[in-house]
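Student: According to Swiss-Prot:
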type	residues	note
BINDING	47, 137	substrate binding site
ACT_SITE	177	active site, proton acceptor
ACT_SITE	219	active site, schiff-base intermediate with dihydroxyacetone-P
């Protein structure tokens, strides 16, 4: 396609050494939950203040190569009236956009869901490109306690593949994200088995839809035991299982694998990423974290202008920790108790 070279260049830039993605594409409702946790009302002004804090962290671009935005943010300005997209570009951070329309029940399945958003996606993607976005994200989920049924896996894979083809057609590098939810009592071997099945289907349909592998990025879940499982897995074990999965299922043509944190604590997410980068990989193995980058910063800010600088330093510390983990050089110095806290049961975006 006409964007082929540009797609490859964008994907390679996002997957550059020591850098990863800041996911800040929470919907307004989810952003509201985050604000609520620090006692703030969910108003556009408060969302704008928080997003301004995130994108204006000095030197953030040294550790962050891309930022995923919610549609409101792509068209929003900072508190002092600069376009958020422009601020990111000045920071050397590529703007991205969440394009899916969320999850709805999948009729005919075992109480599972599927992802909406293909209708009108081509014209929306073209508009997002015009607005400065250069990559896209589509998140679908697979639930292990509910099966997953063959139907749900097929629907997830097909939807992702259609979205990826449409994105590339409009100049956006698609981030392919079939999140295998942490919920459940299953052990790590069961997660591994399901993940193999999911990624086999995803790549089958990506190929069927003529998606250019050099111009995509992946956002997988790490292979871990279920959140309610009796077993806990060390970073070494998580890395062993996850890399084994990637080696079996992900072609080396794919430039970058940007893991989601999916409810791990901030420190856990960094330790696991570090363990995966202890030896060389055929792809850039990095991060695309939301809560695992933002959590301590949010709590530090608390909605108070006088805390902005400290909150920005907290975010930079996390970004730098994950940058070191991408290089396999993270040692875990200076971590706060907040950063070590487990997230939550029934974690959802």
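Cβ coordinates are placed from backbone N, Cα and C, and glycine is handled just like the others.
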Student: Using C-alpha atoms only, work out the spacing between residue 177 (active site, proton acceptor) and residue 137 (substrate binding site) and round it to an integer in Å.
Tutor: 7
Student: Pick out which of the recorded positions 47, 177 has the most other Cβ atoms within 10 Å of its own Cβ.
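Tutor: For the recorded positions 47, 177, the Cβ with the most other Cβ atoms within 10 Å is 177.
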Student: Within the chain of residue 219 (active site, schiff-base intermediate with dihydroxyacetone-P), which residues six or more apart in sequence place their C-beta under 8 angstroms from its C-beta?
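Tutor: In sequence order, the residues whose Cβ lies under 8 Å from that of residue 219 (active site, schiff-base intermediate with dihydroxyacetone-P) (at least 6 apart) are 137, 139, 175, 176, 177, 179, 258, 259, 260, 288.
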Student: How many other Cβ atoms sit within 10 Å of the Cβ of residue 137 (substrate binding site)?
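Tutor: Counting Cβ neighbours of residue 137 (substrate binding site) within 10 Å gives 27.
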Student: According to DSSP, collapsed to three classes, what secondary structure does residue 47 (substrate binding site) have?
Tutor: helix
